[in-house]
Amino acid sequence: MRFRSDSRADHQHPKKQGSMDPDTIQALKYQDRSSSSSSNNKPKEKVGSASTSPSPTLFASNDSVKVEIGVGSSDKEKPDVKVSFFTIFRYASKRQLLINLFGTGMAIAAGAAQPLMNIFIGKIATVFLHFTSAIRSGDLDAIRAAHSDVYSTINSDALILLYLGIGMFFASMLYMAVFSYTSERIASNIKYAYLSSLFSKPIDFFEQCGQGTVAAKIGSDVHLIQIGIGEKLPMAIMYFSTFVTAAAVAFAFSWRLSLVLLPIAPLILLAGGVMGALTKGCKLVELDCIAKAASRAEEAFNAIKILKAFSKERTIGQEYDTLTTDTKAAGAKAGRIQGVGVGALLFIIYAGYALAFFYGAQLIARGELLPGRIVSVVFANFAGAFAIANLFSMIENFTMATAAASSVIGTIQQDLASSELSESRRNEEKSQTSRQLATGYNAELKLDHVHFAYPSKPERPVLKDLSLTIPSCVTTAIVGLSGSGKSTIFALLQRFYAPTRGSIRLDDVDISALDVDWLRGQIGVVEQQPTLFAMSIQANIELGLPNRHTRSAEELESLVVQAAKKANAHNFITALTHGYQTEVGSQGFLLSGGQKQRIAIARALIRDPKILLLDEATSALDSKSEAVVQAALDEAAKDRTTIIISHRLSTVRNADNIVVLGPDGIIEQGSHHELSIKPNGTFASMLRHQDDKTKPVMVTSEPEIVDSSHSLCLTEIPTMEIAHSLEVSRTISALADSVKPKDPSKNFEPPGESYASPAADGVKQDAPKTDSVGLRTLLHILIKDPETGRLAQLYMLGSLCAAIIGAVYPVYAILFGTAIEDYAPCNSSDGRPCPNPARGTMLHNNRISSGSFFIVAVGCAFISFYHVRSLYIAGSRVTHRLRVLVFQSLLCLDASFFDDPVNTSNDLASSLSVLSQGIYGGVGPTLGSIVQSLATVIVGYAVAIGYGWRLALVVIASTPLTITAGLLRLRVLARKESKTKQAHQHTTQQACESIGAIRTVSAFNLQPQTLQVYQKNLENASRSLRPTMCYSSVLFGLSQCVQLLVTALAFWYGGRELAQGHTSSKGFFTILISVVYGSVQAGNIFNYSADFSSAHSAACKSLSILKQAKEVVAEAQANDRDVQWNTEDSLPSGQIALKEVTFRYPQRPTCTVLDRLSLTIEPGTFCAIVGGSGSGKSTVLQLIERFYTPESGRVLLDGYSITEGDPARFRKYMSYVPQEPTLFQGTIGWNIALGATDENPEDVPLAKIQQAAELAQLGDLLASLPEGLNTQLSARGVQMSGGQKQRIAIARAMIRDPRVLLLDEATSALDPASERAVQGALDNVSQGRTTIAVAHRLSTIAKADKVIVMQAGKVVEEGSPRELFQRDGLFALMARLQGVSF
């Protein structure tokens, strides 16, 4: 989620949170009225309950927009909502509907132009046939009269056709411009409504709906909707208008013949309807697979370092392949359905022509119809039938749009449907109660017999009949084992969930009756894993302040600085180049964990809440920062109700009330003193096993260590300052001056050969260059890929059949011209029956022509089936394989690629769908349509030249007009495609970011501002596309009117050729149909220009990604070499060395993180790395794991440079446990097995998984779960507590029995009992292996063989814990601040 980095502009002119543009408000009001039976037109607030999920109020009063996270049941309890194609237009405003109505009129007018042209074709045909009859009769007077009629008719009618062409240009241009504009606005309205709807979902909904799913729906699904209601819908209206007008013309000229041909259109529509209905099911399956795969992809990109650490890129890539495999089957099934449908369509059309010519001949023979009129009727039916065929070809677009709408709008409509239950009464009660608590309430909280189980696991209660009173204005600490329900209490207090039974009361008022926004506005929250947004530090802190838009910029700045000082963040912020205006990046990745935590604390403190919830608020801080921040929190806790969740009992020493939770409820409760002196008390036992051995040190100012490591660039590294403490009188700055980094030359020199470190091999972040042959090259690669099957054969068969279908059209032209000339002997102007023997000859020839048409109809039916089926299957295989290849290639790229702000996990997951969807337009059925059109043009031109080269060349010479217009439009569409993606990439990322941080968004009532900014960004994106829309519409109009202009030219010049004897009526009509309508097919090629533009763009981008991945792999293979470990078991001993390493993060090239760092860690030893937040500790681990490559220097394992060769060769001997545990959706056992060296987690023996679980002390947790290791984890493992997730992550690391174990605060999230057990397990498993632990809590490194103290990217102290403590230097100061002695 992105907000304005500098919010001062808004402060000068405060805006209401709910302000929107009129179109959006009207559209959302309209769809709300259409979906709700309530007659109350006033804005409605929502309240969550235990049984329903409130719907979003998408527009509001003058004060605010009310949107909440629901607390009710999941979607299973919501009513099913049917979504049709026309449901999409509920999200159009009245103004947009009126504009669409105008555009519809223009499309109807454009569609009527071609059938009206047939009136004049029939008139000219009568004159031409009359001239032919006169020539055959030899009557000079008749010849002169017919000659004069030819000239007179072609001059007047050609001019009329010219006027029709000009009118069609303006009509086509206007309808395309109108629908391009309104489709963009409606799509924006749907995106806005969808995000608003997600904000009203119960929190358990997001356990299954990840950011990848949101990206797929907003990016891909809404794009499908926009295509359906944009360019495709007005063209469908135009084709339908063509059909209706053509039918009217046909009936006007011969109702008998038209009546016989009348069933053709219903049969076409019936075939199309059945095909569309059957295809929709296939598309729904495909979209569902893509959404699930997108969620998995987003998960993988978010945890890319975990995947690389355990070399599981291939495993996740194969799983992604499996998740998307069903798209191939769905595509094949859709291909068979479409093949049968299109074959039936062509059979109906050509068999209809056979019937028309056969029955028309009977009417002519009886004198009931003139040959010229039959030409008008047949041409009109020809135009109408092919209009229906073109309309038929768009059914897929409308089917996909409807399927996408069912997915997106269905989600919105479910919430609207479930918001009708007594909302007025609930609103009234809620508002009254909130007013009673608005002034002077005590903030006492009571949990009364609360029973709760998460909706995803209803059989496993977390809280069982819990009764607890939390007194007002005191500090209550909740401690206990991981999974005992501590964090669940916080979720219930914020109304993320509702108790299954019992109640939670605030001053004796059930919180379910309170305005949820008001309630959350009274609470300040600091989470264990802080969430920051891609905005400035100041803007992030401001988010915690209610009514911030009503305050001046000066007041806001003052409050932000005060809050930052309280949170011990002011010094490091002011040291940054841009200070408080520094952008923190997506999810705050530009800051260290401790820096993010302090900003989160400042965000909570700035609102001066009545209730303060602290969930391990200092877990990510170093010892000095923790001491100061803890003192600040103790001060902030005064005169407010504060609840602390903590595993570190030293942080709850000053709590007034301590509650010890167990699996079955409260074990004991009391003050710290009371509980600590209980002889057999649980708390006393926990306290005895904590390593806090001395009293805490009082700190009155900030012991900050600030440097440039893993954080933003500093203007300078400030001298560290600390006030006098009880035991420390010297300053840290003095210590920093007295402690010098060790001489690198004195470090241990590892055995083995030394290798020069290569330059950094990170992937360049420059925009990919366009490949001029992108689509062709990509197809060549995929055709050779064995995973795509017999792709070449499918394309050959599909293209050959498409070419045959295209060649049928000129054959039809020959048959048509022959049949028309055969009518010439019976061309009577007085309506007399045709005399013999001309009648017998005409009927005989007609039977041959009609039979030929029927044979063509049967052949087309079979050939078109194979044409469509083959290309559908080929397109599905190509898009599936491309999606998998791009995903696997992205996983191969360096970690630095994913640090780039433009390569967020949401954008990358969304791009997989966008690229595959784009490529489908050039490799699926569209490719067959283009081959078909080209065959029609080539064969048609050849036939025309054979029948009359003079007329053919003149008409063919006009073809460049069509081609030029199409090419220009192609270029504009390519530019539009690029601009559209660029414009909406930011909005998609914002939506995904807000959903990924849904708890934070909800806790701080950020939904109104999120929606306001999102809606503004959507408007800006739409506005930037308008010029491109205009250019494209003008060129589209030109391409559409060319047909009429060329037809006018053909009649004018053809008439003269006929009059001068250079051609016959048969030759004229053969040339007319072959060339003029061949030119139309040439124009139709460019109707697919948008599809090919998207395909070409997608191919170029895909090739760029594949090329980058190939280069990374090739470089690794080129530098790879056999490694011979100098040990008995042929395994590395585990010696780690960094030699003169200098490193800067690729995204911060001006900031030195490690400055010529040298250190050596002996094999089999336990080495701890400590230091202030951002001193470079975690960076050392990431270099050892080869996530990054040093700028200079070497990183060695047993003397071998790990920066050379395949990183997996070295990583298989290492295990990595990050500070913030990352789990995947899947079973607990699968997550643990992911760390094994086996290629497939499914192949890991159960005993091995169980052994790793025992080492990580997971036995009790697994025993409490009905399914044990088979328990399914949701996305990111959100139903597990932080400690439980961390233990699973430790088990994942231990299962591979590593030679080098890397721990980044591995036990920071554990409760005391779990920490003690896991620490003991880590101590045991560290025997015989090299263990490197980054730690803030010095009690966890008491058994370390060696401690390295880092500052500003250098080693400042080194030795055993006891040696460093006795040295009374920086380490000793850190230990005393934590109350630890060695």
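A Cβ is built for glycine as well, from the same backbone N, Cα and C atoms used for every other residue.
Small disclaimer: the values here were computed from a predicted structure and weren't measured.
The following features are taken from Swiss-Prot:
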type	residues	note
COMPBIAS	1-12	compositional bias 'Basic and acidic residues'
CARBOHYD	N62	N-linked glycosylation site
TRANSMEM	101-121	transmembrane segment
TRANSMEM	159-179	transmembrane segment
TRANSMEM	233-253	transmembrane segment
TRANSMEM	259-279	transmembrane segment
TRANSMEM	339-359	transmembrane segment
TRANSMEM	374-394	transmembrane segment
CARBOHYD	N397	N-linked glycosylation site
DOMAIN	445-688	domain 'ABC transporter 1'
BINDING	480-487, 1171-1178	ATP binding site
CARBOHYD	N680	N-linked glycosylation site
TRANSMEM	800-820	transmembrane segment
CARBOHYD	N827	N-linked glycosylation site
TRANSMEM	848-868	transmembrane segment
CARBOHYD	N903	N-linked glycosylation site
TRANSMEM	911-931	transmembrane segment
TRANSMEM	951-973	transmembrane segment
CARBOHYD	N1020	N-linked glycosylation site
TRANSMEM	1034-1054	transmembrane segment
TRANSMEM	1067-1087	transmembrane segment
CARBOHYD	N1324	N-linked glycosylation site
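Swiss-Prot feature annotations superimposed on the structure.
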residue	record	Cβ contacts under 8 Å, 6 or more apart
N397	N-linked glycosylation site	I227, G228, K232
K486	ATP binding site	I478, V479, G480, D615, I645, L661, S1281
N680	N-linked glycosylation site	none
N1020	N-linked glycosylation site	A983
Quiz item: Where's the emptiest Cβ shell within 10 Å among the binding-site residues G480, G1171?
Solution: G480
Practice problem: Name the secondary structure element type, per DSSP in three states, that contains N903 (N-linked glycosylation site). | Solution: helix
Self-check item: Rounded to the nearest Å - Cα separation of K1177 (ATP binding site) and N903 (N-linked glycosylation site)
Solution: 25
Self-check item: Same-chain residues at least 6 beyond the ends of the transmembrane segment (233-253) whose Cβ lies under 8 Å from its Cβ atoms
Solution: 103-104, 106-112, 114-116, 118-119, 122, 172, 175-176, 178-179, 183, 259, 261-262, 265, 373, 376-377, 380-381, 383-385, 387-388, 390-391, 394, 398, 1087
Quiz item: Which listed stretch (101-121, 259-279, 339-359) has the most C-beta pairs under 8 A with the transmembrane segment (848-868)?
Solution: 339-359
Self-check item: Long-range environment of the transmembrane segment (911-931) - Cβ separation under 8 angstroms, sequence gap at least 6
Solution: 215-216, 219-220, 223-224, 290, 293-294, 297, 338, 393, 396, 775, 778-779, 795, 798-799, 801-803, 806, 867-868, 871-872, 874-876, 878-880, 882-883, 886-887, 977, 981, 1084-1085, 1088, 1090-1092, 1094-1099, 1101-1102
Self-check item: Stretch of maximal Cβ-Cβ contact with the transmembrane segment (159-179) [cut-off: under 8 Å; candidates 101-121, 259-279, 339-359, 1034-1054]
Solution: 1034-1054
Exercise. Could you tally the C-beta atoms, other than its own, that fall within 10 angstroms of the C-beta of S1173 (ATP binding site)?
Key: 30
Self-check item: Among S484, N903, S1175, which are recorded positions, the residue with the most C-beta atoms within 10 angstroms of its C-beta
Solution: S1175
Quiz item: Under a Cβ pair cut-off of under 8 Å, which of the recorded stretches 259-279, 339-359, 1034-1054 contacts the transmembrane segment (101-121) most often?
Solution: 1034-1054
Practice problem: Grab the same-chain neighbours of the transmembrane segment (259-279) for me: Cβ-Cβ under 8 Å, and only residues 6 or more beyond its ends, written as numbers and ranges. | Solution: 243, 247, 250-251, 334, 337-338, 340-341, 344-345, 348-349, 352, 355-356, 359, 377, 381, 384-385, 388-389, 391-392, 395-396, 398-399
Practice problem: Calculate the distance in Å between the alpha carbons (Cα) of N903 (N-linked glycosylation site) and S484 (ATP binding site), and round it to a whole number. | Solution: 38
Exercise. Take the Cβ of K1177 (ATP binding site) and count every other Cβ within 10 Å, whichever protein chain it belongs to.
Key: 27
Practice problem: Report the mean pLDDT of the predicted model across the domain 'ABC transporter 1' (445-688), rounded to a whole number. | Solution: 83
